[in-house]
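To start, the structure under review is shown below, and the notes come after it.
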Amino acid sequence: MQFDRVSEPCQLFPSQQPPNLIPNIPMGTLLKLNLDPSLLMLVELNETQLEFRDIARKFVQEEVIPKAAEYDRTMEYPWDIVKKAWSLGLMNGHIPEHCGGLNLSVFDGCLIAEEVAYGCSGIMTALEGSGLAQAPVILAGNKEQQKKYLGRLLEEPLVAAYCVTEPGAGSDVNGVRLRAEKKGDEYILNGQKMWITNGGVANWYFVLARSNPDPKAPANKAFTGFIVERDTPGLTPGRKEINMGQRCSDTRGITFEDVRVPKENVLLQEGEGFKIAMGAFDKTRPPVASGATGLAQRCLDEATKYALERKTFGVPIASHQAVAFMLADMAIGIETARLAWMRAAWEVDQGRKNTYYASIAKAHAGDVANKCATDAVQIFGGNGFNSEYPVEKLMRDAKIYQIYEGTAQIQRLIVSRAIIDKALGK
């Protein structure tokens, strides 16, 4: 049994004022009532979105699900799947048209991410990790930088990596210590990054470094963003980390020892790195939330199928209210998580700042994924604790959604600050 993972009423309007969907109430009246027109954002997927969703869904059923458990066991990077996804156009969708890309919206990318994560969130992370690195270049790169580094990803199946986290700096980006010292027409980078997705397989890296040596310098002036080639002397990826879940994703530390980067590889200008790095999250947190939603949907589908097959006391366990209510709660969480990422994606696609909605979506979807995975294991009982069944992997894979790209606690901090600032009239 498999429910429709992205129900039909979900196209986003391309304009900032969607058409009126409430009979006999003019749009002007809604605005006079101070109602947000974006609350009317949902209708149906357009033909292009349906096509991408269906391509992704077919790809997942044929290529991802049959191989996911083996990649989890071997922990090898899924190059064969990456290459097939690349050939189908399921990667690099956000790259601008002037670079040869499709210039897809964030919402379109989220549709694909949810489908791929349904099959395996580790494989989704392997694909989407490159998108995180692309985001700063799309946001802040000049035409030459974009054509060189984004265009390269379209010419052959290569991936990039986003290097911000360090051994002593994760959600607290102001704690970044990797140094960038300007010498002539170059910058010399020294330091270490940690937990870098695609760290050992990337062709190039987005790197955030401290360019202002003054420890009291404000974050919005202290850091600079760089594009760094993989084969630059002094750049050394560490060993592949053995993680609890999403094991086929390549996660490593990266050491920078006198790494020389030409000034042409600075994004915007010196001191603009913090703004660039944070701005990228507004575009990448919705796809992470959609990935968590896809994993949660897989949990519900697997649990529902099992609950209809497994019998106790002569009836399927789905007939027992305790189990049925668990399925209902899973569905409630999934539907609200899906609506949350849709709102976050829609806002940024309209050109509006979506940090508040992106953090809500990321926090909520991550929590829902973990709750659904836990309940799926519970419904499977003893079988759920065994690797012969799919839900134990789903439970291991789910946890990282509450950690990477900003922990659940950091998302709540962002949301709470926005609420308080609004109340104070800031």
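Yeah, the Cβs are placed from backbone N, Cα and C, and that goes for glycine too.
Where the annotation comes from TrEMBL, it is an automatic prediction and has not been curated.
If you take the C-beta of Ala408 (FAD binding site) and look for same-chain residues 6 or more apart in sequence within under 8 angstroms, you find Ala363, Gly366, Asp367, Gln402. Under DSSP, Ala408 (FAD binding site) is assigned to a helix (H, G or I) in the three-state scheme. As annotated by TrEMBL, FAD binding site applies to 162-171, 195-197, 310-312, 320-321, 378-382, 407-409.
Annotation source TrEMBL lists octanoyl-CoA binding site at Ser171. With a cut-off of 8 Å between CB atoms and residues at least 6 apart in sequence, the same chain places Gly406, Thr407, Gln409, Ile410 near Ser171 (octanoyl-CoA binding site), listed in sequence order.
For Lys283 (substrate binding site), the Cβ neighbour count at a 10 Å cut-off comes to 24, with all displayed protein chains included. Secondary structure at Lys283 (substrate binding site), as computed by DSSP, is helix. What TrEMBL lists as substrate binding site is Asn220, Asp282, Lys283, Thr284, Arg285, Gly406, Arg417.
Per TrEMBL, active site, proton acceptor is recorded for Glu405. Within 10 Å of the C-beta of Glu405 (active site, proton acceptor) we count 24 further C-beta atoms, all protein chains included.
The binding-site residues Arg285, His320, Arg417 differ in how many other CB atoms lie within 10 Å of their CB, and the one with the most is Arg285.
Here the CA atom of Glu405 (active site, proton acceptor) lies 30 Å from the CA atom of Phe380 (FAD binding site). In the structure shown, across all protein chains, Gly406 is the one of the binding-site residues Gly170, Gly406 with the greatest number of other Cβ atoms within 10 Å.
Contacts of Asn220 (substrate binding site) defined by a Cβ separation under 8 A and a same-chain sequence distance of 6+ are given as Gly271, Phe274, Lys275, in order along the sequence. When the CA atoms are compared, the recorded positions lying within 10 A of Thr284 (substrate binding site) are Glu405, out of the candidates Tyr162, Glu166, Thr197, Glu405.
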